[in-house]
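This report refers to the structure that appears directly beneath it.
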Amino acid sequence: MKIVKISPRGYCYGVVDAMVIARNAALDTSLPRPIYILGMIVHNKHVTDAFEEDGIITLDGPSRLDILDKIDSGTVIFTAHGVSPEVKQRAKEKGLTTIDATCPDVTKTHDLIEAKKAEGYHVIYIGKKNHPEPEGAVGIAPDIVHLIEKADDLKTLEIPTNKILVTNQTTMSQWDVQHLMEDIQKKFPTAEFHKEICLATQVRQEAVAKQADVADLTIVVGDPKSNNSNRLAQVSQEIAGTKAYRVADVSEIKLEWLQGVENVAVTAGASTPTPITKEVIAFLEQYDPMNPATWERVRKVPLQKILPRVKVKKEQ
């Protein structure tokens, strides 16, 4: 079996930065305890489990405000997906120490929404409902930001001005965003468009589109909650024309997927730990359909290998 290792794949700089920020927080004895992450720091359970070993508690819930209601003291880390001004204010009112790990690309979108609101615009924001990134973006200006996920959402959308900005969640499929933007332009011809697919997401999607077409199967390594991982599987199927499965780690690979397969493409979401992806590739490289000794699929990567290394600051 030939393995096509799609490149680039895996961690983006925003994810690494967020994890380093959280790791440094865990090592900072001056921060009030307990230390909480407001939702998953990045959408990968292996990462949140590793942080739990570091003493950092991940809390989840229907919204960031709902999660904050569970916290009465300590330190709160805002995730890479960003939060609304209301969340920041609520944390301040509760007397919590806050650390912001928002991805710079997300911050750029928030700044754009604020600037356009000041100019009297309404904003159409293309994103996944019930995902934390759109929650934070809509929360920048909930009175003028309209979240849409599908073309059907446009049918009932009415905006009381011709000053309209269209932007999007950074981890969406660029092809889905393009199709929706074309539909929006037909309904709102005066709209201005700012496509905000982050570069890391874009190049990973384009790599799958160009490299997965030679494979019989694509395996995307990523958490089920990771939007960018799910979009990579979608790109493989819809753009490259190659059947794809998303797995959290090697243990989720089903042997029947590999029957009759000669070429397997492997990629990983931007929040997927590199050792988890390497373990998937190593399994596929040694797999022999005629040898049951090669069929074992058990995650063996220790959690302490998941998080980035950071230097412990010496006290002066």
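Note: Cβ is positioned from N, Cα and C throughout, glycine not excepted.
Feature annotation from Swiss-Prot assigns [4Fe-4S] cluster binding site to Cys12, Cys103, Cys198; the stated evidence is sequence analysis. According to its DSSP assignment, Cys198 ([4Fe-4S] cluster binding site) is coil. Using a 10 Å radius centred on the Cβ of Cys198 ([4Fe-4S] cluster binding site) and all shown protein chains, the other Cβ atoms total 23.
The isopentenyl diphosphate binding site annotation in Swiss-Prot covers His43, His81, His131, Ser226, Asn228, Ser271. Taking all protein chains in view, 19 other C-beta atoms sit within 10 angstroms of the C-beta of His131 (isopentenyl diphosphate binding site).
The secondary structure of His131 (isopentenyl diphosphate binding site), as reduced to three states from DSSP, is coil rather than helix or strand. The (2E)-4-hydroxy-3-methylbut-2-enyl diphosphate binding site annotation in Swiss-Prot covers His43, His81, His131, Thr170, Ser226, Asn228, Ser271.
When Cβ atoms from all protein chains are considered, those within 10 Å of His81 (isopentenyl diphosphate binding site) total 29, not counting its own. Residues or ranges marked as dimethylallyl diphosphate binding site in Swiss-Prot: His43, His81, His131, Ser226, Asn228, Ser271.
Taken from Swiss-Prot, the feature active site, proton donor covers Glu133. Neighbour list (Glu133 (active site, proton donor), Cβ cut-off 8 Å, at least 6 residues apart, same chain): His81, Gly82, Val106, Gly127, Gln169, Thr170, Thr171, Asn227.
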Report task. Write out the long-range same-chain contacts of Cys12 ([4Fe-4S] cluster binding site), meaning residues 6 or more apart in sequence whose Cβ is under 8 Å from its Cβ. Result -> Cys198, Ala200, Thr201, Ala270
Query - CB contacts for Ser271 (isopentenyl diphosphate binding site) [other CB atoms within 10 A, all chains] - result: 29
Report summary line: Simplified DSSP label at Cys12 ([4Fe-4S] cluster binding site) comes out coil
Requested in this report: Output, ordered by sequence, the same-chain residues six or more apart from Cys103 ([4Fe-4S] cluster binding site) with a CB under 8 Å from its CB, or 'none'.
Outcome: Gly14, Val15, Asp17, Ala18, Ala80, His81, Gly82, Thr170, Cys198
